[in-house]
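Annotated features in Swiss-Prot:
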DOMAIN    104-287  domain 'ATP-grasp'
BINDING   Lys141, Glu178, Tyr179, Asp187, Arg211, Ser212, Asn213  ATP binding site
BINDING   Asp248, Glu260  Mg(2+) 1 binding site
BINDING   Asp248, Glu260  Mn(2+) 1 binding site
BINDING   Glu260, Asn262  Mg(2+) 2 binding site
BINDING   Glu260, Asn262  Mn(2+) 2 binding site
Amino acid sequence: MKIAVLSRNPRLYSTRRLVEAGTQRGHEMVVIDTLRAYMNIASHKPQIHYRGKPLEGFDAVIPRIGASVTFYGCAVLRQFEMMGVYPLNESVAIARSRDKLRSLQLLSRRGIGLPITGFAHSPDDIPDLIQMVNGAPLVIKVLEGTQGIGVVLCETTQAAESVIEAFMGLKQNIMVQEYIKEAGGADIRCFVVGDKVIASMKRQAKPGEFRSNLHRGGVASLIKITPEERITAIRAAKVMGLSVAGVDILRSNHGPLVMEVNSSPGLEGIEVTTGKNVAGMIIEHLEKNGGPNQTRTKGKG
């Protein structure tokens, strides 16, 4: 197969590993800088050009679209879909998962366990919003944040009110979530490919920190997940419409709670921690399921 990898940087671990794994399995791998691909949206022959030439003959595309280029990246991916190229994850699913609030609304509708989450616009509603999530301590998250940036733990009601007011004053969209104390600053990253959890790891926040993101100094270790956690991760990825996803789960007193469903999960942490060839499994999934016009939306965007 001829497979495009949409990535800003061919030197990134995840991009390198996907290219390696694909090449090892006999595929032609082409890394395309997402922001340098440009489109001709013609009615009969949609095209993508790259460095002055049209991109042609691709069987599949692997999007590694960073959060900051979601809008343009999804447009490029959608154009590939219009051309009948099979995407590892569809543009609609990626756009959906990048909107944290929309994701939680979709997951809650399907009855998937979530931390109690509040969202409000007016400062007048702050006291009731705080009560809604069972009061302090609570967590405040900027909707557009990634890698643990813009996530604040407020220990007291007073602190929570000040932080929420500050964010609202800056016109930042935020959500307020109950703090799951029993998780002890740890979460579980379940790596879903197709309808299986192919690898999972525990991420423990460093002492004095509650954010377990590896970018924030969290430490990863092996973990055996429960059947309930496995089912939750697979269902969450399915609800979002993602074939490949990193589902972050907290262990709470009332079962697994989904924190986030990531459409472009990094491979380094999970491969190094588990020793599994995750990149190879992703390519294998493409081989089994990919093909012209095989997208769930059948290439209609």
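Placement of Cβ uses the backbone N, Cα and C atoms for every residue, glycine included.
Model, not experiment: these values are computed from the prediction.
Summarising the environment of Lys141 (ATP binding site), the number of other Cβ atoms within 10 Å of its Cβ, over all protein chains shown, is 22. Binding residues for ATP (Lys141, Glu178, Tyr179, Asp187, Arg211, Ser212, Asn213) extend across at most 18 Å, taking the greatest CA-CA distance. Summarised as a single figure, the pLDDT of the domain 'ATP-grasp' (104-287) averages 94. Each residue contributes its Cα atom, and for Glu260 (Mg(2+) 1 binding site) and Asn213 (ATP binding site) those atoms are 12 Å apart. When each of the binding-site residues Ser212, Asn262 is scored by how many other Cβ atoms sit within 10 Å of its Cβ, Asn262 comes out lowest.
Asp248 (Mg(2+) 1 binding site) counts 21 other C-beta atoms within 10 Å of its own C-beta, drawing on all protein chains shown. Asn262 (Mg(2+) 2 binding site) has its Cα within 10 Å of the Cα of none of the binding-site residues Lys141, Asp187, Arg211.
Asp248 (Mg(2+) 1 binding site) is 15 Å away from Lys141 (ATP binding site) when you measure Cα to Cα. In terms of local Cβ density within 10 Å, Asp187 ranks first among the binding-site residues Glu178, Asp187, Glu260. All protein chains considered, the CB of Asn213 (ATP binding site) has 19 other CB atoms within 10 Å. Classification of Glu260 (Mg(2+) 1 binding site) by DSSP places it within a strand. Of the recorded residues, Tyr179 (ATP binding site) and Asp248 (Mg(2+) 1 binding site) place their C-alpha atoms 15 Å from one another.
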